Amino acid sequence: MSGQPPPPPPQQQPPPPPPPASAAAPATAPPGLAVGPGPAAGVPVPGLAAGSSAAAPFPHGDSALNEQEKELQRRLKRLYPAVDEQETPLPRSWSPKDKFSYIGLSQNNLRVHYKGHGKTPKDAASVRATHPIPAACGIYYFEVKIVSKGRDGYMGIGLSAQGVNMNRLPGWDKHSYGYHGDDGHSFCSSGTGQPYGPTFTTGDVIGCCVNLINNTCFYTKNGHSLGIAFTDLPPNLYPTVGLQTPGEVVDANFGQHPFVFDIEDYMREWRTKIQAQIDRFPIGDREGEWQTMIQKMVSSYLVHHGYCATAEAFARSTDQTVLEELASIKNRQRIQKLVLAGRMGEAIETTQQLYPSLLERNPNLLFTLKVRQFIEMVNGTDSEVRCLGGRSPKSQDSYPVSPRPFSSPSMSPSHGMSIHSLAPGKSSTAHFSGFESCSNGVISNKAHQSYCHSKHQLSSLTVPELNSLNVSRSQQVNNFTSNDVDMETDHYSNGVGETSSNGFLNGSSKHDHEMEDCDTEMEVDCSQLRRQLCGGSQAAIERMIHFGRELQAMSEQLRRECGKNTANKKMLKDAFSLLAYSDPWNSPVGNQLDPIQREPVCSALNSAILETHNLPKQPPLALAMGQATQCLGLMARSGVGSCAFATVEDYLH
């Protein structure tokens with residue numbers, strides 16, 4: 001740099017740690033997207049308010065701006081997948097509050113221009129980015145384009161910690177690092193530079209790469225690496241740029257556009273290095289013990305999720321014993337299949353039959369299952385509304401209008417129910433014209449005939465009539481069919497399989513097979529047809545409404561007996577909100593109808609069943625994965641950059 005910089009202020013203290021994300025920068029600094037080389041080429045693009053990772057609102061109807069912001073999000077996510085921006089936001093622009101007064105910002109705080117006198121080094125001015133570089137980046141990179149070198153080209157590009165004096169070029173003070181354009185020197189916390197690279201001027205693109213794994217930094221010029229400039233860098237550094245003479249203008253690219261330098265290739269090199277280190281982790285003489293432990297973890301995982309045949313085969317091949325009886329695994333497997341198929345009523349009844357005291361001891365779990373059953377009724381997938389979808393005119397008019405009463409646990413199931421016995425199979429049986437009986441989807445002979453008769457008339461139905469059919473039910477069932485062989489060979493009689501640990505309901509109903517055949521034949525290409533509430537059946541809608549009243553009564557009784565439960569209250573409110581929309585599937589609360597929402601319910605029920613066998617609620621393999629994920633998060637918070645290239649997902653095949 002021509003001329004030595006002025007001495008730093010006396011008694012310069014080490015910079016304080018960066019402020020939390022919520023206070024790191026003012027809310028008035030809206031970063032944006034990259035701009036063109038000239039003043040007229042830039043397009044103002046609102047981005048994130050400084051200190052926040054939530055996107056700022058765009059002008060209504062401006063699809064181009066929305067698309068640019070989406071592209072920025074995609075690029076940053078691809079470059080830095082391990083970064084949680086809710087916790088550690090990425091730099092996206094320069095901070096209008098963390099700069100010297102001679103610095104001017106424009107074009108969404110991505111363009112920097114000098115507006116001072118520029119007579120002496122005391123007129124130098126710098127600006128920091130809105131946020132420090134997160135360690136979870138592993139490798140971080142940004143570029144600066146020299147729009148104009150101005151009078152003398154006294155420009156510095158680099159890094160600095162929070163609190164470093166902004167009346168200086170980067171690199172002149174402690175915890176400050178810079179590469180200067182007029183002489184090509186690098187400045188490492190000192191006013192004396194070291195020869196490093198070529199000078200840079202108007203039109204050049206200078207990149208700065210921070211390696212948070214080995215704590216080094218190198219620069220690039222027009223896409224070519226210039227080699228290591230700094231080592232032993234401290235954590236929590238901010239991208240920084242400094243100017244000193246009139247006319248100097250630079251533009252920043254924090255990921256708004258593709259970089260000139262191929263930073264992704266450099267990242268791939270380091271990912272390979274980190275993964276090789278993991279693969280070479282020494283086990284020593286404990287390899288046999290290590291393998292045995294892993295085999296037990298895999299076996300327990302298969303048992304936990306009900307992969308019965310696979311668990312048996314794996315146990316044989318590894319000389320292990322399966323901790324849970326196979327009959328018990330199959331029972332859990334049947335229940336899981338029912339839940340994942342949306343047949344909640346049958347799942348509840350099967351659970352009551354196989355594990356009589358389970359839901360009685362867990363009223364909140366029962367309530368969760370019943371709320372999910374209500375959602376499946378809306379969806380048209382639960383058996384209690386599916387069996388009403390035969391479109392018999394009489395059946396739509398003859399459903400009893402009084403809901404099943406709640407009562408004490410001592411009452412007979414045929415006369416009432418309490419929150420401890422709220423299973424459809426234990427309720428009073430409703431009778432319909434055209435159906436002999438329909439309780440929890442177990443349809444008698446006449447009901448089955450009526451149901452399947454409608455299938456044979458399917459080809460002659462009009463579009464409005466087809467709209468009343470729940471065309472998505474069979475597709476959802478198929479989507480959640482287990483890959484395990486045993487899952488495919490189980491047969492149902494009232495939701496309970498051929499074999500049972502407590503010995504009842506051996507053998508499957510002939511009508512169940514016919515029912516499944518009937519369902520299969522009803523799989524038609526109706527993707528263009530709009531779904532309707534409860535499959536469009538009036539009787540099913542009435543049943544759903546009465547069930548909702550029962551659910552409300554159950555909620556009130558739970559509150560009286562067990563106290564207030566905010567989660568239960570919100571769950572019920574969200575479920576009832578589905579009825580406020582003519583098309584619940586495309587409503588703001590429609591995500592509840594997504595089949596994937598069945599999985600947490602299935603997991604909770606499965607864990608509760610396992611606890612009755614004194615088995616862990618979660619498989620050890622899942623706990624180990626969770627612990628590894630938490631460790632990676634701790635590494636990121638501790639500034640260990642290698643966590644960026646050691647994701648758990650890389651080892652899940």
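Cβ coordinates are placed from backbone N, Cα and C, and glycine is handled just like the others.
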Practice task
Could you check Swiss-Prot and say which of Ser95, Ser402 is marked as phosphoserine?
Solution key: Ser402
Practice task
Given the candidates Ser412, Ser587, specify the residue that Swiss-Prot annotates with phosphoserine.
Solution key: Ser412
Completion exercise
Candidate ranges 74-80, 270-276, 326-332; Swiss-Prot annotation region 'Interaction with CALB1' resolves to 326-332
Exercise for the section: For the region 'Disordered' entry in Swiss-Prot, name the matching range from 386-422, 497-533. Expected result: 386-422
Handout entry: For the region 'Interaction with CALB1' (326-332), the number of residues DSSP places in helix, strand and coil
Key = 7 helix, 0 strand, 0 coil
Completion exercise
DSSP assigns the residues of the domain 'LisH' (290-322) as 25 helix, 0 strand, 8 coil
Problem - Lys330 (N6-acetyllysine) CB neighbourhood, other CB atoms within 10 A - result: 22
